[in-house]
Amino acid sequence: MAVASSVCPASSAASVLRAEGVCSLHPVQWRSCRNAGVSLKSSGALCSIHKRLLSSSSMRVVRERRRITSSAVQQSAETIIADGIATPSGNRESALILIRHGESLWNSKNLFTGCVDVPLSQKGVEEAIEAGKCISELPVDMIFTSALIRAQMTAMLAMTQHHRQKVPVILHNESERAEAWSRIYSDTDDVIPVVTAWQLNERMYGELQGLNKAETAEKFGTEKVKEWRRSYDIPPPNGESLEMCAERAVKYFVDNVVPELESGKNIMIAAHGNSLRAIIMYLDKLTSKEVIELELSTGIPMLYTLQDSKFLRRGSPVGPTVQGVYALTQDLAQYRDQSNPRNGTVH
């Protein structure tokens, strides 16, 4: 069995492993083939595909399928996106990208930030751009961020690197006037809606916000500060515990993000260490003990796919030695190939 994988341009170049004799097709081609009554064995949403060589008769089927679908390949990416990524089995598959914001100015000064609205540092800007390169060939139809500027900057800067070159636009629905004044009257095919939500904000650190982490440890003791930072259900003075942060972040994710994924949209979330920990706890079914040990590096995207109501992790949220390495499904690999300007096939 061959595994289709992709490596971030920021690390090292690699090509997707293809099984001998199996033709990678655009999602529209699969739908057109089904409509024409043509069938071919495929692997569905799994990233492993059959390595058996096609027989000469199967090759004739492939050639006929190509003839039938030659015009279908020319359909716009917008049509594909509207229907989601159609898998060979006909089931919708959606991509979920999670990015912890790049380094903030207070991160660089070793200060507790929490819900204080601090922008990215220069390093954080560079991390966001590199994150964008890692996901430049993955589909993004909609973006969710927190209400904090460092997460929003990360999302915007990352999308400047995307091969589709669509423009992320923040939706302002906080009042009727804000919604009316920000309404777009032109064609919105080249726009990616960005939804901001306070529920995705970083954990609120209460009276620790703005304090130096090392000095706070000296004042209150290393073990006490570690308890505030790394326990699941013990909050700092007048702040939130990870459990409290998870209650709002996971509820928002389930109520607002999951329905978009189930409709076939591909979603990116740019948020924070603790709100993303909470979402990953939900996705990976981690225990409270496991989640507090989870370390998320700034500016390194994580990839999940959703199909048949099941989330599968395609990129591991670990250190920078494996950043950008994803096990792409066959359909995401096809999207990548179709969107890569080096192939001259950007739609």
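Any Cβ shown, glycine's included, is placed from N, Cα and C.
Annotated in TrEMBL:
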type	residues	note
BINDING	100-107, 113-114, Arg150, 202-205, Lys213, 229-230, 273-274	substrate binding site
ACT_SITE	His101	active site, tele-phosphohistidine intermediate
ACT_SITE	Glu202	active site, proton donor/acceptor
SITE	His272	site 'Transition state stabilizer'
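Cβ neighbour count for Glu103 (substrate binding site): 20 (other Cβ atoms within 10 Å of its Cβ, all protein chains included). Each residue contributes its Cα atom, and for His101 (active site, tele-phosphohistidine intermediate) and Gly114 (substrate binding site) those atoms are 13 Å apart.
In this structure, the CA atom of Trp106 (substrate binding site) is 13 Å away from the CA atom of Glu202 (active site, proton donor/acceptor). The Cβ of Glu202 (active site, proton donor/acceptor) has 26 other Cβ atoms within 10 Å, all protein chains considered. Between the CA atoms of Glu202 (active site, proton donor/acceptor) and Arg100 (substrate binding site) there is a gap of 10 Å. The candidate set comprises the recorded positions Arg100, His101, Arg203, Lys213, His272. Of these, His101 has the most other Cβ atoms within 10 Å.
Here Arg100 (substrate binding site) is positioned 5 angstrom away from His272 (site 'Transition state stabilizer'), judged by their C-alpha atoms. Non-local contacts of Gly273 (substrate binding site) by the CB criterion (under 8 A, 6+ apart in sequence, same chain) comprise Arg100, Glu202, Arg203, Leu296.
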